[in-house]
Amino acid sequence: MTGGLRDGEKEEEFLHSPFIRKQGNIYKPYNKDMDYDILNEKSMEDVHTKEIDLVNRDPTHLNDDVVKVDFEDVIAEPAGTYSFDGVWKASFTTFTVTKYWCYRLLTALVGIPLALIWGIFFAILSFIHIWAVVPCVKSYLIEIHCISRVYSICVHTFCDPLFEAMGKCLGGVRIRTSKEV
């Protein structure tokens, strides 16, 4: 089978088979353009080797709802009760530096073990979801399908005529309310 080769054409001249070239991509029938660079980039990209952004460490804005506490949010002096300017500057510096270094120290000591624990937790969660939850749900849906058909037949056989008859009997009932003074 030539797969759509014209006279004089060789199969080596094409990036993809002539059948796909003439007929289009099998997944998108009328798409004759197959960009192999994009396909290779998508298939070669590995999530374990991607670079992380050290500047924007919350690209999905996961912590936007978390309270961001600055010095001005915690300590404020109302008008007329100001401390010395030097004390105010020293307090600001002490608060900011202490918060900064305590956070860094805590993340250095506890961050890596917690990252390990959360990595294990989400790996287990993914494993359970992929290998237990989804197959159980799919099995349940397959098994319940035959029961739902029997249930549907019973409802249409027994309940539908009963409720249609009740609807016809009670459909003519009219209620009139009047207010007596």
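Each Cβ is built from the backbone N, Cα and C atoms, and glycine gets one as well.
What Swiss-Prot says about this one:
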type	residues	note
INTRAMEM	108-128	intramembrane segment
LIPID	Cys136	S-palmitoyl cysteine
LIPID	Cys146	S-palmitoyl cysteine
LIPID	Cys159	S-palmitoyl cysteine
TOPO_DOM	1-107	topological domain 'Cytoplasmic'
TOPO_DOM	129-181	topological domain 'Cytoplasmic'
Helix-strand-coil residue split for the topological domain 'Cytoplasmic' (129-181), DSSP-based: 42 helix, 0 strand, 11 coil
Integer average pLDDT (0 to 100) for the topological domain 'Cytoplasmic' (129-181): 92
Rounded distance in angstrom between the Cα atoms of Cys136 (S-palmitoyl cysteine) and Cys146 (S-palmitoyl cysteine): 16
Alpha-carbon spacing, Cys159 (S-palmitoyl cysteine) to Cys146 (S-palmitoyl cysteine), which is rounded to whole Å: 19
